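Accompanying notes for the structure given below.
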Amino acid sequence: SQNSSEMPETITSRDAARFPFVASCTLLGLYLFFKIFSQEYINLLLSMYFFVLGILALSHTISPVMNRFFPANFPNKQYQLLFTQGSGESKEEIVNYEFDTKDLVCLALSSVVGVWYLLRKHWIANNLFGLAFSLNGVELLHLNNVSTGCILLGGLFIYDVFWVFGTNVMVTVAKSFEAPIKLVFPQDLLEKGLEADNFAMLGLGDIVIPGIFIALLLRFDISLKKNTHTYFYTSFVAYIFGLGLTIFIMHIFKHAQPALLYLVPACIGFPLLVALAKGEVTELFSYESSAEILPHTPRLTHFPTVSGSPASLADSMQQKLPCPRRRRQQSPSAM
């Protein structure tokens, strides 16, 4: 597919039910991998992989913002990267990626962060990549209804609690894995400044999974056509509350906490209470997320199947879509 306005990946209820088992197998596989093979070589391989992926994700994330800083007379040339297989009628496109000079500037800026991450593994570079992955994840994954969201969040609630409290697997992998798959927050920032080295961690799954549920509630708000974002703001506040509670409990018990233990009840419970108060429970659970109000954006993270300029598409999207689609921003937290 070369459609630059490719739709996000829809998660069905079957996918949601399977997700915790697939995640458990992956986590256990990584744990065994770190036990069997040299941690140094694994992290070197992962560093290179996430270096490339991180640059693409960050470039895609900053592209709409950077677009505002380019002057009107900026010499913006179009380019196309085309890689095909075979010839004649059997010719098949493997990579067909269109981009422009503005995208190259974004890639260059992202590459600076990439080199900084690769050389120093600095926590700020790690967090920039982590946030880019999170935003891309929320944009790429799409829940079609609230029931599927509840199945997904409920399954991962059990997964998170089991692997953090039941075993040392989750904590071991999180500490061994030198890749931007987590946000890190220095607890000794005031004493050591930017050279801080004592970190609290928040896995990207604890951002993306509640994030796609919150994005679904925003689409539900828009579908009600009341020009209010009650469910979005409720779930957004619930997320902050859940994260705050995670930090509080972690500091009291001095033990790693599964963030989804607090985030899932908050993100499902708060909007559900609002729906009960407003008498909209039936509408909430019968709502099926439709295609027409989903954002159409290019996917830099899926570069083999993408074409289209992120910056130019962001421009045209702003002209075509009057409704605001600002995602939730994450606040710092612990694991």
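Keep in mind that glycine also has a Cβ here, set from the backbone N, Cα and C atoms.
Now, the feature entries from TrEMBL:
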type: COMPBIAS; residues: 308-319; note: compositional bias 'Polar residues'
type: REGION; residues: 308-335; note: region 'Disordered'
type: TRANSMEM; residues: 16-34; note: transmembrane segment
type: TRANSMEM; residues: 41-62; note: transmembrane segment
type: TRANSMEM; residues: 140-165; note: transmembrane segment
type: TRANSMEM; residues: 199-218; note: transmembrane segment
type: TRANSMEM; residues: 230-253; note: transmembrane segment
type: TRANSMEM; residues: 259-277; note: transmembrane segment
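Counting only same-chain residues 6+ beyond the ends of the transmembrane segment (230-253), those with a CB under 8 A from a CB of the stretch are 200, 202, 210, 213-214, 217-218, 220-221, 259, 261-267, 269-271, 274-275, 278, 284, 328, 330-331, 333-335.
Highest Cβ contact count with the transmembrane segment (259-277) among the listed stretches 16-34, 41-62, 140-165, 199-218 falls to 140-165 (criterion: pairs under 8 Å). Listed as Cβ neighbours of the transmembrane segment (16-34) (distance under 8 Å, sequence separation of 6 or more from its ends, same chain) are residues 42, 148-149, 151-152, 155-156, 158-159, 163, 169-170, 172-173, 176-177, 205. Sequence-distant neighbours of the transmembrane segment (140-165) (same chain, 6+ residues past either end, Cβ-Cβ under 8 Å): 7-13, 16-17, 19-20, 23-24, 27, 171, 205-206, 208-210, 212-213, 215-217, 220, 256-261, 264-265, 267-268, 284-285, 287-289, 294, 299, 301-302, 335. Long-range contacts of the transmembrane segment (199-218) within its own chain (CB-CB distance under 8 A, at least 6 residues past either end) are made by residues 11, 23, 123, 130, 133-134, 137-138, 141-143, 145-146, 149, 152-153, 156, 160, 174, 181-187, 229, 231-232, 234-236, 239, 242-243, 247, 250, 259-260, 263-264, 267-268, 271, 289, 325, 327-328, 330, 332-335.
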